[in-house]
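Student: Below is a structure I'd like to ask you about.
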């Protein structure tokens, strides 16, 4: 008599993302035989074989599939399903039907307040002007713009990565939203000062090479910068959490850009730095690139460490089928791309990145003028 075997496998049916802490995969197949007694007569027994094809439980993100233990063969459709099974979250998921107007109005209000406080307390010299005082204090350390540039990046890196490392402890002490406000309120001003200093001193220092007249280089640099922003800002996957409108969470993303590299922000930063350094070609650009790339390489180690602590075996599963080096896991077969992989990029967050990147490019003259007036 044929029997049925059932196996429980994780799946991601692309329902609204939720973090998963554990994956359950049975070591042995369970053989199931259903016996039904249609009459009280104990000698009359009808055995029936049941085949459960595929049941999805969207809330639990588990998939149950059984097959005939002796005769059924795994089909190509089953192979495709296995390739799509993930334990992490569906990155850049955006369900318009679930958005609340009140949440986005609150987001706009929070953003306006943050920009006002940042301008008054840090940027505007007619206000508190703390940013100007900060730049002057760091500039007193050396007359070399390269040294000042590296120092600014080092200060930002210590504060930013230090607070990120203290996230678990900080959220337990003051809560997720309060810690996000502390994190952003400390990191954002330092980031602004670092960027402004780079813009104002980007053509300082020693000129090492001059390649701006090379045909096609401008187009290559522009394209590299444009692509880099798709890697640089995975935080746009959920702006409401960035602004603490929704409770911030540490996510374990696995789809979209994460299939290419587990650390897209590092990859994007390397691309941005190489493009700007090749174009500008001086010692200040080299110093800025070395500092930024070094910080993000540390972030690779620190990010993996924090995710391993938070998610345990689930992160190890994601780590095994993703890579730090772009496309490495795909090329060696650890990452199986679904046939409709391109659909993971046709989503609102990526469209938003496209619009903002184009806007930032055309706004470069305004950004340079504004930076010159600041510090």
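Cβ atoms are placed via backbone N, Cα and C, with glycine included.
Copying in the features that TrEMBL gives for the protein in this structure:
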type     : residues : note
COMPBIAS : 1-13     : compositional bias 'Polar residues'
DOMAIN   : 148-367  : domain 'NnrU'
REGION   : 1-38     : region 'Disordered'
TRANSMEM : 104-123  : transmembrane segment
TRANSMEM : 147-166  : transmembrane segment
TRANSMEM : 178-200  : transmembrane segment
TRANSMEM : 220-245  : transmembrane segment
TRANSMEM : 266-293  : transmembrane segment
TRANSMEM : 345-363  : transmembrane segment
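I'd like these features described in context: how deep, what's nearby, how far apart.
Tutor: Sequence-distant contacts of the transmembrane segment (104-123) (same chain, at least 6 residues past either end, Cβ-Cβ under 8 Å): 129-131, 184, 188-189, 192-193, 239-240, 243-245, 374.
Nonlocal intrachain contacts for the transmembrane segment (178-200), taken as residues 6+ away from its ends with a CB within less than 8 angstroms of a stretch CB, comprise 114, 118, 121-123, 130-131, 134-135, 148-149, 152-153, 155-156, 159-160, 163-164, 167, 170-171, 241-242, 244, 248, 284, 288, 367-368, 371-372, 374-375.
Listed by sequence, the residues of this chain that lie at least six past the ends of the transmembrane segment (220-245) yet keep a Cβ under 8 A from its Cβ atoms are 91-93, 103-104, 106-107, 110-111, 114, 176-177, 180-181, 184, 251, 253, 257-258, 261, 264-265, 267-269, 271-272, 274-276, 278-279, 349-350, 352-353, 356-358, 361.
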